[in-house]
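J.: Shown below is the structure under consideration.
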Amino acid sequence: MANHYSVAQSAQGVLETNKVLKNTYLLLAATLGFSAVTAMLSMALAMPSWVYLVSVIGAMVLGIFVLPRTAQSAAGVGMIFLITGMLGFGLGSILSMYLALPNGPGIIATAFGGTAVIFLGLSGYALMSKTDFSFMGGFLFAGMMVVFVAMLANIFFSMPALSLAISGAIIMLMSGFILFDTSRIKSGAETNYIMATYGIYLSIFNIFISLLQILGIMSDD
Amino acid sequence: MELFLKIAAAAAIIMLLFYMWPAFRTWQENGPKAEKGDWQAALLPLAAVVGFVVFLILMVR
């Protein structure tokens, strides 16, 4: 009897995990689509580049102080659309800058395709792997702290080599976060699909921006 | 970048550092530790990402 109970409990846990995973990917697809719409709107309105910084700071404040409080309710869905919409709007102003470069459309397309391949490859790997990547948490958070300090220094020193190194480090850390976040959903450690979507969305967004910067610098445009 | 934007960006990063500090401490002290073979399983896809980014750079040059 106890064995039957354990099997039923385990099956229920798997179903719950699959539900979180499915909802996360559905919401992720919807928020990425919404970001693309707001990015196109921003490009159509020819927003200046400082809009990116304002949007990122605004989205960050909402993500830190408002989203965690609303994530357990339906308001959380609206909040994540607001945050990702703002990030997309900011991204549009950066894309306008890249489109003005001689090889700009090619760089954007390569960064977009590259981000999609990295995300799909890593998510697939994390879902298929037997390894629980939550052990990477300490390393990833330590890495982020180091990157933030380097970013802080680079705001005032503006060194291209440091920018390149930071972008490379962000791609590696965000790749690690995709493994980490996907693994946490798979193992049932993350049960809130809104927060799970937010984490994976930020990883994708940061990989895209960093890849755009690396390809922009390395293409000599 | 104008000085005002630089200060705003710096303030945002400092806020992020403060926000992430408790998570960093928690994961350092109480996070699960790697078992044998775990790092190998993580470094393999990350090395593939490095190789792929190098490939993308060569594509745009």
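Including glycine, each Cβ sits where the backbone N, Cα and C put it.
Keep in mind that this is a model prediction, so the values were computed, not measured.
Annotations for this protein, taken from TrEMBL, read as follows:
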TRANSMEM  A:25-44  transmembrane segment
TRANSMEM  A:50-67  transmembrane segment
TRANSMEM  A:79-101  transmembrane segment
TRANSMEM  A:107-128  transmembrane segment
TRANSMEM  A:135-156  transmembrane segment
TRANSMEM  A:162-180  transmembrane segment
TRANSMEM  A:192-218  transmembrane segment
J.: What residues in the same chain, six or more past the boundaries of the transmembrane segment (A:192-218), come closer than 8 Å to it by Cβ-Cβ distance?
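T.: 20, 23-24, 27-28, 31-32, 35, 63, 67-68, 71-72, 76-77, 79-80, 83-84, 87, 91, 94, 98, 101, 107-108, 110-112, 114-115, 118-119, 123, 160, 163-164, 166-168, 170-171, 174-175, 177-178, 181-182, 184-185.
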J.: Short question: most Cβ pairs under 8 Å with the transmembrane segment (A:50-67), which of A:25-44, A:79-101, A:135-156, A:162-180?
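T.: Stretch with maximum Cβ contacts: A:79-101.
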J.: Near the transmembrane segment (A:107-128), which same-chain residues lie under 8 Å Cβ to Cβ, leaving out any that are not at least 6 residues past its ends?
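T.: For the transmembrane segment (A:107-128), the far contacts come to 95, 98-99, 101, 171, 175, 178-179, 182-183, 186, 200, 203-204, 207-208, 211-212, 215-216, 219, 221.
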J.: I need to check the long-range neighbours of the transmembrane segment (A:135-156): which residues 6 or more away from its ends have a CB within less than 8 Å of a CB in the stretch?
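T.: Sequence-remote neighbours of the transmembrane segment (A:135-156) are 162-163, 165-166, 169-170, 172-173, 176-177, 179-180.
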